[in-house]
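Undergrad: Below you will find the structure I want to go over with you.
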Amino acid sequence: MNLRELVSALNDFASPALAESWDNVGLLVEPSPPHTVNTLFLTNDLTEEVMEEAVQKKADLVLSYHPPIFAPLKRVTWKTWKERLVVRALENRIGIYSPHTAYDAIPHGVNNWLTKGLGTCTSVPLHPSTAPSSPAEGTHRVEFCADAEHLDAVLSKIKDIPETSCLTTLPVRVEGEEQTRVSLNCSQKALLEVVALLSQNSLLYHKTEILLLQKPLLPHTGMGRLCTLSEPLSLSDTVERIKGHLGLSHVRLALGAGRTLESPVKKVALCAGSGSSVLKGTEADLYLTGEMSHHDVLDAAANGISVILCEHSNTERGFLSELRDALTIHLQNKINIIVSEKDRDPLQVA
């Protein structure tokens, strides 16, 4: 499968537009074209040990859930381990693709997989995603009516305002007079200039309507999940279920104020990876994530919310097997897909 064709298919599986604005997703390293991909290699973290495994298994593209290139690289030498990853990838004609938070958001992604450790439950995103391309431009729509005397001058000045678009005109009849209805989209910044311009003419200003353009929410898509269990579980049983799902012998547990291991758990707020910012302020019996700051754990516990921490990548890595099966179907069995055997969480219980 041609690399560009494969990248297009991967983007269809989970649009990079769903990723957080701070993230670095998509194709990060591209060997010189044309580049054919026979073997796709899945990993949660692309370490040097995992890269050597990818080379040995003759991978043509590494899909690394976490982007190995995040902070900009000023040079590509043999000095740092992330630079060496790029060197080894290009020397062996291996591309690198990262989906990261795009996989967190999608309905069939990492957070959905994490909910399966709780048993039968219903879940909704904690922070729903909005449709990335609707509306196409602008945060506000401004509509006003103008007569022929003022129309050309006003339109000329509006067109000079940056970040305005979708300017349309329509003949209308207002109170028996022939006028033109003007509609335009603009950014928050441009809105101030448009309103200032229209306010110079009281007739125009009093006939102005401003609408907030809100992008529609995408169903079952977004960051984090709030899960409602079909039947309450004790906290101790919930811990055991999560350990079994993640294949862990230990997790870290903070009891909420007034809670015990026998306290019932009905609502669970979860977020794969580092969940502090996503979970904060959510009402639930339990927070489930990989890692949280010390003070955020204290805040949750003080509010009667118990916290389970599993270490960052332990809440993500198990998804790779499910991803392999899903991509095999999505890519119509056109390429060989394998999961790294060397990829592991860097932290261990000693």
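Note that Cβ sites are derived from N, Cα and C of the backbone, with glycine treated the same way.
Bear in mind that the values here come from a model prediction, so they are computed numbers and not experimental data.
Annotation comment: TrEMBL describes His66, Asp104, His312, Glu316 as divalent metal cation binding site.
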Undergrad: Determine, for the divalent metal cation site, the additional residues of the same chain whose CB lies within 8 Å of the mean position of the CB atoms of His66, Asp104, His312, Glu316; present them in sequence order.
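TA: Along the chain, the qualifying residues are Asn44, Tyr65, His100, Val110, Ala272, Gly273, Ser274, Gly290, Ser313, Thr315.
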Undergrad: Which number gives the other C-beta atoms within 10 angstroms of the C-beta of Glu316 (divalent metal cation binding site), all protein chains shown included?
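TA: A count of 25.
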Undergrad: Have a look at the binding-site residues (His66, His312) and report the one with the fewest Cβ neighbours inside 10 Å.
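TA: Among the binding-site residues His66, His312, the sparsest Cβ neighbourhood within 10 Å belongs to His66.
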Undergrad: Name, in the order they occur in the sequence, the residues of the same chain whose CB lies under 8 A from the CB of Asp104 (divalent metal cation binding site) and which sit 6 or more residues away.
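TA: Val110, Asn111, Met223, Cys271, Ala272, Gly273 - these are the non-local Cβ neighbours of Asp104 (divalent metal cation binding site), listed in sequence order.
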